[in-house]
């Protein structure tokens, strides 16, 4: 049994050990899947409070209970903000939840999903179909198992939308928060392209959010930070930052928003850009 | 040492044990205060991630890091919604954070704070002055150490605003979520009065939120549920329910909102009533 699973009184618990000052213990019904890939330890667990969860190196990445909030917010906002999107790039997102939101938009013609770890996708498609949904069967979706950074370097004005669905900026995902990466991501966008990334917790990772915004402001004329609640993430509130070469989400045609959603609706679309005072002050 | 404090490798951790399926461990710098009152075990701790916290029977009630979010949301919304509030009742709220928000409104003339446990107020005033602030010195504030339920029963058309700042609906606070209590609270309000209560997590305690709303709808013409992010509460998102005899927060004069706040501002005031789809569906 991996070191982050603990037996206590005959029951299995997942102990998230990534933070110095707070440890979360989740009671599990079962560890459904376990595999060591060349990149990481992959587990699918069935938990009491959050349903099935993808766990990478002992850290929960997405859950059946609330994964849709993150997935909807990182995908519907750019899909609605762009006037006529057709080609979309998703970096990471091995659980396929983001792609499963994107395919709700019939106008999208081509979705390239670049995930370094094929085993993550295979595990999620098999064991958490409630998150991956129809994505694996949709002909517009191309699964490309490569290093996202290398892939993007060779792309030039190819995409209308690029979504960076990264894990935390430690270890392999750290470079996905670097200026070098954002510059090549911009190069991969068409002249009216939009990119979105998750920019971490505005409570516990203020510095990541500020740094991300400041880098993007150097390279894009329109930069908007928005927020959502993600119950299973530390701090509850999560931030996303959208950087755009032409279209502004504040004046988007929200009529286009897909209605088959569990979190986002037109009021949430508009109000997610309203930030609390402490965030405004941090970002000024 | 109380049973919810654990020594691990020479360091002290608080283990929140209230939930069956999730245990939170917080690393502490120090346990600053410890007292067994007739009602509960009271501790003030200094934590690494959340600053100083009030802990009752091993469960964190409020923290320096994010207590202001809850306190601002439960107090500024009714204070702005009522046209000319003067007399306010606060039930519970021993940390004094809610009262410390209310005194920002110069038009309030009388604030009765009914807290059953005097020792909680004394501990918070002494050890977490960043939360209790100026409240203990404000002459408009009357600290009344009594059972809130009994106190309210003897009041008739006395208050413009009543705020129920209760802990979770288990043990002594359970009655604060009962129909009987809401009926006597309504009786304590003037003809254009407003009451607000915290109605728990819309993720983990859906039933409490629904039940609270349904009871209030039987007795008040205007009932509005609103949301905020509270990072240190399980699930991150928290709900409040406002019940009003005359004034509707959706048409309130937001110009009156006090600007000396860390979370709420006029956009947050307006958008906190925009609920995500999963909440709308639950509450329909």
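Glycine too: its Cβ is placed from the backbone N, Cα and C atoms.
TrEMBL lists B:165, B:166, B:167, B:168 as spermidine-binding residues, and of the candidates B:87, B:95, B:248 the one it assigns to that same site is B:95.
Comparing Cα positions, residue B:95 (spermidine binding site) lies closest to B:115 out of the binding-site residues B:40, B:115, B:147.
In the three-state DSSP scheme, residue B:168 (spermidine binding site) falls into the coil class. With respect to Cβ neighbours within 10 Å, the recorded positions B:95, B:115, B:147, B:165, B:168 differ, and B:147 shows the lowest count.
Residue B:165 (active site, proton acceptor) sits 10 Å from residue B:115 (S-methyl-5'-thioadenosine binding site), counting Cα to Cα. A simple Cβ count within 10 Å picks out one of the binding-site residues B:40, B:148, B:166, B:167 as the most packed, and that one is B:148.
A separation of roughly 14 Å, to the nearest angstrom, links the Cα atoms of residue B:166 (spermidine binding site) and residue B:40 (S-methyl-5'-thioadenosine binding site). The maximum pairwise C-alpha distance among B:95, B:165, B:166, B:167, B:168, the residues recorded as binding spermidine, is 15 Å.
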